[in-house]
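Engineer: Copying in the features that TrEMBL gives for the protein in this structure:
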- 13-25: disulfide bond (DISULFID)
- 13-67: domain 'Laminin EGF-like' (DOMAIN)
- 43-52: disulfide bond (DISULFID)
- 68-117: domain 'Laminin EGF-like' (DOMAIN)
- 88-97: disulfide bond (DISULFID)
- 145-305: domain 'Laminin IV type A' (DOMAIN)
């Protein structure tokens, strides 16, 4: 056997000694670590490139390669921060783009805007971020015997099938329990539901390859932009979708059957991470106090506390506080037995939700969103204490279908009914139009008594 060696089989490393640890580079594939290739030089902190000939991402001023002062999560020029001024994302401010603008929270590198707007169920724009911790909700399988664990159901939730229990920790569902070959779902117990849906349904899609008799751990982040879709619009679920559906979860289901010929399905070790206040005496640092991202921890980011208007409560103003009677137009002089909240749209920092309702059953003679004005043919001022709307008394000389036929405040009649003219304090005169020469029987100008003729 003849072995031939190529003269160029080995090449010089050519490391830039300014940025590399030494002139020795990665020798071959066996010596390479994750992300490295043969010929790559080992760089000093702050340097990058195959030869360590430039500054790494987040550093500037080669050959010094000093850390970029711009916040990675809040700036758009963190990668190439050679400029003197940090360029902030839309919802971020500060010399180094390290804090959220007013009415926004949760500085996040994955957010194109940097920070997210306060949600607050539309009740207010003002909120702040609070540092909460992560806790887990889990249900042991043996509790199924007490009907508080995971069961199986169909998509409608009408069926209820109890799984088998193996080794007190694995839930098993066998095909012989599924005579009609329906597609079943694992249904979570009540501890996974409740005030977490306003008629909103979201679905999660992710491609995961499962193999027979092989256990696999699956983590599903319950937050916007992570595979969840609005079932109605078929668009990625945003924060508003997620918060509205989590405000009242009715069912939480995981698909158990993926095909009719499937023989068995099993699950175990089910937990749900939730946000809880940190233990007393153990403060948690705020996320936007960190200049550069740190290693993963147990902090729950983006928990908002809103400055709720009167009669609303909860972190996001999603709970009713004290209820008040319908003020239609005032609570003391209400002329409607029913009122409903409107779709809230906060117009600005000073926007108020005090009038964010509509009276839906105004009494006869009253109209307006709050029954605050008198209808045509009625007069008065319902905004005054004990104020009423009375029917205009015009001796039958007004057209009840006309608009503005009497003064809505004084009740003074100021129009003649059809076939009458010459409005005065004494009344109106009859037109006396010839029915053969007039365009319409008795139709005449209400001011001068002139008939309309062809």
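Indices start at 1 and increase along the chain as displayed.
Each Cβ is built from the backbone N, Cα and C atoms, and glycine gets one as well.
A TrEMBL annotation is a machine prediction, not a hand-curated record.
Bear in mind that the values here come from a model prediction, so they are computed numbers and not experimental data.
Quick one: where do these features end up spatially?
Structural biologist: Listed in sequence order, 13, 14, 15, 38, 39, 40, 41, 42 are the same-chain residues at least 6 apart in sequence whose CB falls under 8 Å from the CB of residue 25 (disulfide bond).
Neighbour count (other Cβ atoms within 10 Å of the Cβ, all protein chains): 24 for residue 52 (disulfide bond). Mapped onto three states, the DSSP output places residue 52 (disulfide bond) in coil.
In this model, the domain 'Laminin EGF-like' (68-117) carries an average pLDDT of 89.
Under the DSSP three-state reduction, residue 97 (disulfide bond) is assigned to coil, being neither helix nor strand.
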Engineer: Could you tell me the C-alpha distance between residue 43 (disulfide bond) and residue 97 (disulfide bond) in angstrom, no decimals?
Structural biologist: 28
Engineer: Would you count the other C-beta atoms found within 10 angstroms of the C-beta of residue 88 (disulfide bond) for me?
Structural biologist: 22
Engineer: Would you mind splitting the domain 'Laminin EGF-like' (13-67) into helix, strand and coil residue counts from DSSP?
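Structural biologist: Split into helix, strand and coil, the domain 'Laminin EGF-like' (13-67) gives 3 helix, 17 strand, 35 coil.
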Engineer: Across all chains shown, how many C-beta atoms besides its own are within 10 angstroms of the C-beta of residue 97 (disulfide bond)?
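Structural biologist: Excluding its own Cβ, the number within 10 Å is 24.
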